[in-house]
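First the structure, in the form of C-alpha cells, and then the observations on it.
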C-alpha cells in the first residue's frame, strides 16, 4: 500500500475517533425544551357510554406531525376550532390514522435522543403532564411487551449502548425512585421492612447541585437489575397509595438514573436523567371558593400551580430578556426539577390529552400550558469532569464537618458541649449525608454494588417480629391521622365498604377501605405469611397479590372522590355515579378475595356464602392451593355474586358478627330523600347543577342527560339497599 494512502487512512481514523469523543453539534444547538403532545384512544368506559353517558365524540383533529386542532363540539366545530403547533404531535387514538404513533415510535424519536444525550454527558428530563386518565403513566411506564413505556425502553437501550463501548472504557450507573405526595418525599427504593423512615428534604450542594440527601441511589450493572427496582418501587407506590388514600394521579413520581462514562485519557462524562410522571393536572383547577379538601388539595395544587408559575416566569423572561426569578423553592417538585426547567438539561414535556369532548376544558388547559412551556429556552452544556477532583472536594467538606463536630466534643469524648441537642443531631446528620455522597462519588464501585445487593435482600426478606410491631404502630398512627376529618355518612360511602375491618364495628367514612386492604397487602401481612408458608404456590400468590393491589387502587380512587363532601348532584359526583356499576364487580371480587385470604381475626370455621358450589373446599383456613381454588370459584360464580356490593357486605358482616340493620335503614332513608329531591327537580324542569361550576353555555340536553343518569343510578342503588335490608332481616329471623 502506498505510504501516502496509509497516512491518509491514519488521519481519517484519528478524525473519526475525535468526533466520536465529542458531543455532536446538533445536540448542543438543538432547543433545550422540546414540547410534544400525545392523544390517547378512547377508554373502555367512554366507548361503552359509562363515562360519557351517551355518544363518544372526538374533539381532536391532527393533520400533521407538528400541529393539531381542538374542536368545540357545543357549537360549529369548524368555526370554534383552535389550532396549536408543537415540536411533535403523536396520534395514538386510532391505528388506521396515517400518523399513528406506538410506544416504539416514542422510543425511536425521544428515547434514543435521550440516550444519545446521556452518553455524551448531557442531563435529560422528560415530564408527562395532563389530566388524570390521559395516558401519562402509560407513556412513561407502559405495560408489558410491546406496551412498554419510555422508562423500561430507555433503560434497556442504555445498557445496549454500554455494551458497544470501546475497549478500556468503563461506566457506572446509579438509579433513584421517589414519590412526592402532599409535599412529602418518599423513597420508593428503601426496603419496606427497614425499621426507620427518614424525612427527606431537597438541598442545594455547591459541587453536586440539587440533591436529596438520604435518598437511596442504587448501584446497578444491568438492565434487569434496574427494571427489578422499577417494579419494586411501583409496588411500594401502590401499597402507599392504599395507605395514604392517594393514587398515581394524586402524586408525582420521579425516576432518576445517573451515568458516569470514562474512556481512556478522557475526562469522565457524567449525566443525570429524570423521567417524571406528574399528578393529574385537573386537581390544580378544581379548588372551589369554599376550599373543598383544603388540607390535602392545597398541597396537591401547590406543586402544580408552582410549576405553572415557574414556567410563566421563565417564558416572560425569554421574551423580555430580563433575568428570571421563578419560585422554585415553593415546591419540592420544582426545586428538584430546577436544573431541568431552566438550567443544564435537555428537557422534553409530554402533554397527554384526552380526545373526548367531555374533557374539552381540561384538554384545552393542557394545550395552553404546553404552549407556554414551548416559549422557555435554556442552554444545556456537556458535563466533562475530573471525578477525582469531585471526590477530593467532597472529602474536604466531610473532613471540615467532622472537625467542626469534634471541636464541640468534651475532652472525655462525651456529648457535644456548647451546643443544643438539635444542633448536635443536625451536625451528625450532615456528616452522615456527606459520607454517603463521598461513597456514591468515590472509587469503591464494587462496594456500592455489594451494598445494593444487601438492600435487595432486605427488600425481599420477611420482616422480623420487631419490624412488624413497628409497622403496625406506624399504620395505627396513620389511621389516627386519616380519621381527623370526618366525612358525611352518605349512601355513596357504603357502596365501597367491602373492605371494612374484620373485627369490631366497621369504621365509618374514608378509612373504610384502606385499613384491611393495607394490612392484607403490606409486607408481613396475612398474605405475606401465606406466601412464606406455601413456597410452591409463591408465583400464583404473587399474581393474586398484584390483582388485589390493582383492584384496591381502583376502589380507593373512587372512594376518595366520593369523600369530597360534594352534593350528590354535583358535577364530580355525577361522573362517579356513572362508573359505580362497572366498579361493583371489581370491588365485590376484591372484597371477597380479601376475606378469602383471611386474617387472624376470622374464626377458623368461617363459612362461605350458602350458594357455594359443592367440592369447592372446606370452611377451614385456606392454604395456598385452596386460595387459588376459591379464587377460581369466585370467578366462575361472578354472575351470582355481582348483584351488588351491599350483598357482599352483608355476607362479610354475617361471617364476622358485624351485621348492622340500623345502618341500612339510615341509608334507605337518605336514598329516599335524595331520590325524591332529584325527581322533583326533573318534574319542575330544573336539572341538578354543580355549585359554582355549572357553565352558562352548557346545552340543556346535556344537563338533563346528566340528571337522568344520576337519578337512574340512585334508583338502582336504592333497590340494592332495600334488597340487602330484606336479606338481612331474613337472616336475623333465622338465627
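Backbone N, Cα and C define each Cβ position, glycine as well.
As stated in TrEMBL, the feature region 'Disordered' covers range 680-708 out of the listed 651-679, 680-708. For the recorded site, residue 135 (ATP binding site), the DSSP three-state label reads coil. Cβ-based neighbour count (10 Å, all protein chains) for residue 132 (ATP binding site) stands at 18.
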